[in-house]
Amino acid sequence: MTAKTLYDKLWEMHEVTRRDDGSSLIYIDRHILHEVTSPQAFEGLRLAGRNPWRIDANIATPDHNVPTTRAERQGGLESISDEVSRLQVQTLDENCDDFGILEFKMNDARQGIVHVVGPEQGATLPGMTVVCGDSHTSTHGAFGALAHGIGTSEVEHVLATQCLITKKMKNLQVRVEGTLPFGVTAKDIVLAVIGKIGTAGGNGHALEFAGSAIRALSMEGRMTICNMSIEAGARVGMVAVDEKTIAYVKGRPFAPKGADWDAAVALWSTLVSDPDAHFDTVVELHAEDIKPQVSWGTSPEMVLAIDQHVPDPATEQDPTKRNSIERALKYMGLKANQAITDIRLDRVFIGSCTNSRIEDLRAAAAVAKGRKVASTIKQALVVPGSGLVKAQAEAEGLDKVFLDAGFEWREPGCSMCLAMNPDKLGSGEHCASTSNRNFEGRQGAGGRTHLVSPAMAAAAAVSGHFVDVRELGDSGVGIRDS
């Protein structure tokens, strides 16, 4: 029998038919919806006189446009000041009500970012195909699922048929062996991977993360690395199923129960790549070589270790790369050879679908405890990824740690990850952000984004500039997974 990768197995489990043009029709187990990419899809159903093929395969929640201050949230839909944002959230409510789709509405205790809500509800399960009109759907691959983003027209197709036409990708394995040093996290792993292979390195591939350092990560840590697979060019990111996967899923609202649970676990336990499976490309990193990472430019691949210096375009022989460095330096307001630790900051954002889970908040709080946000920092935001994460953090007293340190404690949502809600950067402002993209204008017109782990973001907040979180000593305990 031919050895198979995890991706091969998941593909074969869901392939309905192969078409003459080489594409396949695959079955979709779970469809997650939010307010931005679903309105046109629902309208398409109405115009065609169709209903969703499997209503219970869909769940929805608003996240991109929702305000995150308590006052605005208490005001309901009318508190959303931007007319387009308000209309999108309202339209999602109406569409889900009309078609009978389960939605965690803006002020539901279970509301949150789609890629946080799906896993914590158990709506994401091992072996599933999971799609959403959002590129960071790769997050769900942490559960041994085949998960990726889709476009608005495809959202309509999945609603109508529960299937999708797509082509099989190649297999890419990223192996990270060894033990992560103190203060180095899952976010640092994935930033280091992107720095190594570039933002096009995974193009056309399904990316499986493997190795002892990956197996040592918590499920939250695995979600972080799978989340940013798309920044490495891979539409799909995944980690094989193990006992941590199964333990995380057990008992969650959507998880199987009783005999169904036993049968599911038996199947899930097979969702690993066979020892002799062929990968088209293999990339290897040693965990011990990875240091806390900071992005300096306008692409996630423009990333360096905390003890390094911004590149000098004069030393770059390739004219295209040299021009790219020059443009990034100009936009970011940095100088060639500037030390990363000399980059001063205006704002700090801890949140997003990459790093807003309970372990992320614990890691940031461990650094913030007993310290104060630097006087030069205009704003330091902590935005939980869901209402359930927020409630757990408050039960653990993390909100008090952040508030005492001078951070703002917010309601769940995408927040400052992207400029689609009131949380934005001003032009020229530098932000230490735990999000996933640092493109020009991503967090606001003219805003300058630096991607870091939650611990590094908290360390920057209390210092006013980037510092090596490892130099803060024992306060960084427990920061390895985030």
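From the backbone N, Cα and C atoms, a Cβ is placed for every residue, glycine too.
Going by Swiss-Prot, these are the annotated features:
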- CYS353, CYS414, CYS417: [4Fe-4S] cluster binding site (BINDING)
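Its own atom aside, the Cβ of CYS353 ([4Fe-4S] cluster binding site) has 26 Cβ atoms within 10 angstroms in the protein chains shown. In the three-state DSSP scheme, CYS417 ([4Fe-4S] cluster binding site) is classed as helix.
The Cβ of CYS417 ([4Fe-4S] cluster binding site) has PHE349, GLY351, SER352, CYS353, SER433, SER435, ASN436, ARG437, ARG442, GLN443 as same-chain neighbours under 8 Å, each 6 or more residues away in sequence. CYS353 ([4Fe-4S] cluster binding site) carries neither a helix nor a strand DSSP state and counts as coil. Counting every protein chain shown, the number of other Cβ atoms lying within 10 Å of the Cβ of CYS414 ([4Fe-4S] cluster binding site) is 29. Apart from the site residues CYS353, CYS414, CYS417, the chain places the Cβ of ASP63, HIS64, ILE113, HIS136, GLY351, SER352, THR354, SER356, GLY413, SER415, LEU418, SER435, ASN436 no farther than 8 Å from the centroid of the site's Cβ atoms, the recorded [4Fe-4S] cluster location.
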